[in-house]
Amino acid sequence: MASASASPAVAPAAAAVPATPMLKDELDIVIPTIRNLDFLEMWRPFFQPYHLIIVQDGDPSKKINVPEGFDYELYNRNDINRILGPKASCISFKDSACRCFGYMVSKKKYIYTIDDDCFVAKDPTGKDINALEQHIKNLLTPSTPFFFNTLYDPYREGADFVRGYPFSLREGTPTAVSHGLWLNIPDYDAPTQLVKPRERNTRYVDAVMSIPKGTLFPMCGMNLGFNRDLIGPAMYFGLMGDGQPIGRYDDMWAGWCMKVVICDHLGLGVKTGLPYIWHSKASNPFVNLKKEYKGIYWQEELIPFFQSVTLPKECTSVQKCYIELSKQVKAKLGKVDEYFNKLADAMVTWIEAWDELNPAGKESAVAPSGPPK
């Protein structure tokens with residue numbers, strides 16, 4: 001497949017389908033993996049019309065098999081090193097955080113990313129859930145982060161703004177991120193896995209809601225959609241895995257940076273809730289504990305940092321926000337551990353690499369906004 005001296009492997013385009021899927025030519029599906037992608041067979045009815053970007057982690061000489069009929073590019077570590085050169089140091093190795101390389105090389109407006117142990121879930125009626133379609137609906141409708149609507153997402157069919165909701169806020173704000181959930185294996189940390197090894201999530205909650213301004217949340221990267229034009233440069237999953245003192249905090253880090261620092265500053269929205277996927281495989285809690293233990297400890301310092309960080313009004317683009325955030329990470333979190341100085345430098349490298357692959361004129365600029373004064 002892809003190698004240091006060759007272009008990424010490209011499979012034949014998918015066969016035509018009767019109905020045109022939503023955003024068919026405006027969305028890439030990004031999948032990080034170390035194994036054959038047999039799971040795509042279950043997703044074929046929903047994914048086949050779209051372009052896939054597969055980021056192969058681990059040994060680049062290993063052949064990854066992709067089912068026939070999918071339109072895809074596959075990048076391994078040799079490709080990442082060839083394309084980014086010295087800046088490849090900002091892309092994690094032996095960790096699913098490598099998926100953010102796919103965000104960088106995509107040229108589409110929207111991204112959906114999913115893990116290879118996630119399958120099609122069923123709703124309470126037994127119908128297969130088209131997770132991608134629901135993410136698209138979430139992203140194409142506004143968010144309401146400045147005032148909570150007690151009927152949740154007012155833009156869903158059968159819902160609206162309730163009595164007492166300010167008319168001046170009913171236009172909403174652009175949605176940057178759609179965060180989906182999981183049935184079966186919950187996304188638990190290692191201590192919770194150890195205490196509740198047999199627990200499964202069977203609760204299907206038919207709701208989508210905007211996460212309020214100023215509120216942090218634990219973002220999971222296994223079932224996630226976002227508007228790349230609005231927030232792409234902020235979706236950096238950090239330095240994790242091989243050679244790093246921490247793992248399994250890649251999506252958490254990206255979520256904290258993206259939400260209260262950049263989306264809140266620029267007046268963008270984040271939704272969580274539907275759609276659900278079926279998470280099939282529980283990772284080893286003892287292995288997870290080795291990866292997470294420093295993060296569990298550091299988190300008590302990280303959360304107050306993100307709750308208090310502010311950006312100057314001159315930060316009017318995602319890139320400017322992220323560079324300013326990197327400076328504050330180094331100044332305040334560098335005292336917690338030297339790792340955060342390294343991470344702050346990688347954040348700058350990430351933005352430099354992003355801008356090289358996505359030249360000027362594509363800067364993600366959004367004037368800061370908020371509720372009427």
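Quick reminder: no glycine exception, Cβ is built from N, Cα and C everywhere.
Its Cβ placed at the centre, ARG163 (site 'Required for activity') has 5 other Cβ atoms within 10 Å. According to TrEMBL, the feature site 'Required for activity' maps to ARG163 (among others).
Annotated N-linked glycosylation site per TrEMBL: ARG163, in sequence order.
Look at TrEMBL and you will find ARG170 (among others) tagged as site 'Required for activity'. Neighbour list (ARG170 (site 'Required for activity'), Cβ cut-off 8 Å, at least 6 residues apart, same chain): PRO154, PHE161.
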